[in-house]
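Q: TrEMBL lists A:12-33, A:53-74, A:79-96, A:116-140, A:152-177, A:215-238, A:266-289, A:305-328 with the feature transmembrane segment.
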Amino acid sequence: MERKNQNPIVNWIVKSKILGILFFVIIGATAVFKLGTALLDNPSLFLQQVVNGLQLGFVYALIALGYTMIYGIIQLINFAHGDVFMVGAFASFYSISRYNVHLWFQNLFPSVPAMLAQAIGAVTVVLVSMVVCALLAFTIERIAYKPLRTAPRISALITAIGISFFLEYFGALGFVFTPNYITYERPFEVTSWYIGPEGFGSIQAGVATPPHSLIFSNIFLIIVLASVFLLLVLQYIVKRTKIGKAMRAVAYDKPTARLMGINSDAVISITFALGAALAGAAGVLYAIAYPQVFFSMGIIPGMKAFVAAVVGGIGSIPGAFIGALIMGQAETLSAAYISTPMRDAIAFSLLIVVLLIRPKGIMGETSSEKV
Amino acid sequence: MKKNVLLSIVVLLALALAACAPAAAEGPAAAEGDTIKVANLSPLTGPVPTFGESTKNGFMMAVEEWNANGGILGKQIEPIVEDSQCTADPAVNAANKVIDQDGVHYIVGEVCSSASIPVSEVAQEKGVLMISPTSTNADVTLNLDGTTKDMVFRACFIDPFQGLVMAKFASDQGYTKAFVMSDQGNDYVRGLAEVFSEKFVEYGGEIVGSENYTGTDTDFSAILTKVADSGAEVLYLPDYYNVINLVAAQAKQLGITAVMMGADGWDSSDLDIAAADGGYYSNHYSPDDTRDVVVDWVSKYTEKYGATPDALATLAYDATNLLFAAIEKAGVDDAAAVATAMESLSYDAVSGTVTFDEQHNPIKSAVVLQVKDGAIQFVASVAP
């Protein structure tokens, strides 16, 4: 039985949701004030933290793209995505330190300039990981998800969690990846540059960099370029190609798409492979940025990328990208200006706040078109 | 290896026989007059048998040396080695056996804190002196109410002590500004970081910043940017090697010039030597130390056992020597008198000159090692 409140003021407060709005306004104002004073206080430090956040955000973006694609097509939150990411990192670890894949091109064509050969070598490593992950995801999809296509959605979700644990703990076995933390060997040397009032130059070991300058490394550039490139490729595939059209059709209405002669199983498999390839690329880039690989490395980044995808509006590719960049900034700036141990708490609170204001996410559309 | 096993079996058998002999003769009073019995509890089986093997070697080496020099107080030392398995129950059983059946007054052991704590309670209750070579947990020498167990000592420093040593080393090197990073969820790291921060200020330095992180963090760029901005000369990071590897790689990328310093958590073959180049860390002991007592010990041990002594063998050797020196100082074969003598003992051990504080933890030097040119190099032995 509902109890009516007679007090008109209380009624108005409840009806207009003023308290909720006030809460967000206060939090938002505090955050803006805090960041604003930090910016005015030391602009170069603030910009440096933004650059740090961008690097993190772009890596999350690559993982988030895979989440959002798969959700867009079959409304499955693929919890194994973070572990595919881990396999991608390990694939590149083995291809570099055991098979020297990054040197193949250099050995085949020794006359090519070293810089170019190194770049091509790194790209080869990324491609190998992408292929490995695509094949893995294809297999997972065929074994674990396809038989459940008509089952309730929750069954597929639980299966995804099962696959996730399987990949982690199978990887932790002594004869697979071992449970150890393994130092990752980068396929190229790291160089850092500074840019600021003192001009532009490269950073030498043991030499202090001039104050108030912005520091960035070739890793940062590679991550940004690779993420943007892969985003554009993905957008092209989804919007401009025949397979992309088929994907959108399957996302829109699977039975009708099938009646129109689209092989929906094949389309779903390709979507999985494509998403996993992105996770593989992200795995390589992540391992290059944070040079350590271990069996459970995919859990936290996977979780954060998932949050990013939801914040951006799950199912939307540009949304996942924007969500990931917001996550990266939220995490770095809260670590820098609020509290390092609370960085994850703050980043995940962001999810709640965004979902309260926009339940569909930033770019989430109310229409039924996905991808 | 096989030979070693055979040898140890023979030694054990001989020991068992020797231990039985006086009891069989039914003359405990007479037997007590001839020898001083000392027991060693080592985990010869169980999860860490290599620790046990090293500990036993160090113990036996000390006993043989003292016996060759005429024993203590004119009496020969009678060693009794028992397997305590690094586990509470077998360790307590072994302790009861050596105390009740063999009538020892002195125990060197156990290695693992989890076994040493229950053994220390037995020793305390039965008035037997115990010295653990390597158990670092504070509760080994402390009662639950925080008072010291008067019969229990240890030969290794407890973890936070390394923070003090590094603070002294850093200020001796002329560094005045330090930044401290610590994992708030890890007692080992937090303890070291707190002691370092406190002592570095006492030695005249300044802590220009401190940051906490969590064990699952991989991105340290926000913290490291602050390190660069703070103008710190030293970055104290007493975590394990897996975190060091990540932080060192990112520090390099951000052009950080502060020298990284840490503790024995760095001591691993998996430490990324290229990334951590130039960093310092503290440890219990280094075989490359140039002090006479270390050189002598390393050569003797290598000759006898065909391997460089590790920290466990060294600390067991030190613990046994400390015990014998204390017995000699006390002048009587009486556990309580020896414990009193031990409290005011100063002894030049392999791992440094040892004296004991009120909590029966040794005050001694630690070694500082540097990661340099692809290797770990001995830098200095630092006394507090």
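Backbone N, Cα and C define each Cβ position, glycine as well.
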Q: Do any residues of this chain, six or more beyond the ends of the transmembrane segment (A:152-177), have a C-beta under 8 angstroms from a C-beta of it, and if so which?
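A: Counting only partners 6 or more residues beyond its ends, the transmembrane segment (A:152-177) has Cβ contacts under 8 Å with 74-80, 82-84, 86-87, 90, 140, 144-145, 293-296, 298-299.
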Q: Counting only CB pairs under 8 A, let me know which of A:12-33, A:53-74, A:116-140, A:266-289 has the most with the transmembrane segment (A:215-238).
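A: Between the stretches A:12-33, A:53-74, A:116-140, A:266-289, A:53-74 has the largest tally.
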Q: Name the range, of those listed as A:116-140, A:266-289, A:305-328, that has the largest tally of Cβ pairs under 8 Å with the transmembrane segment (A:79-96).
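A: When the Cβ pairs under 8 Å are tallied, A:266-289 comes out ahead.
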Q: Are there residues at least 6 beyond the ends of the transmembrane segment (A:116-140) whose Cβ is under 8 Å from a Cβ of it, and what are they?
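A: Tertiary neighbours of the transmembrane segment (A:116-140) are 80, 84-85, 87-89, 91-92, 95-96, 101-106, 109, 163, 187-188, 222, 226, 269, 272-281, 283-285.
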Q: Give the nonlocal contacts of the transmembrane segment (A:266-289) in its own chain as ranges (CB under 8 Å, at least six residues past its ends).
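A: Hits for the transmembrane segment (A:266-289): 55, 59, 62-63, 65-67, 69-70, 73-74, 78, 81-82, 84-93, 125-126, 129-138, 140-142, 145-146, 184, 186-187, 219, 222-223, 226-227, 230, 234, 237, 243, 246-247, 250, 257, 297-298, 301, 305.
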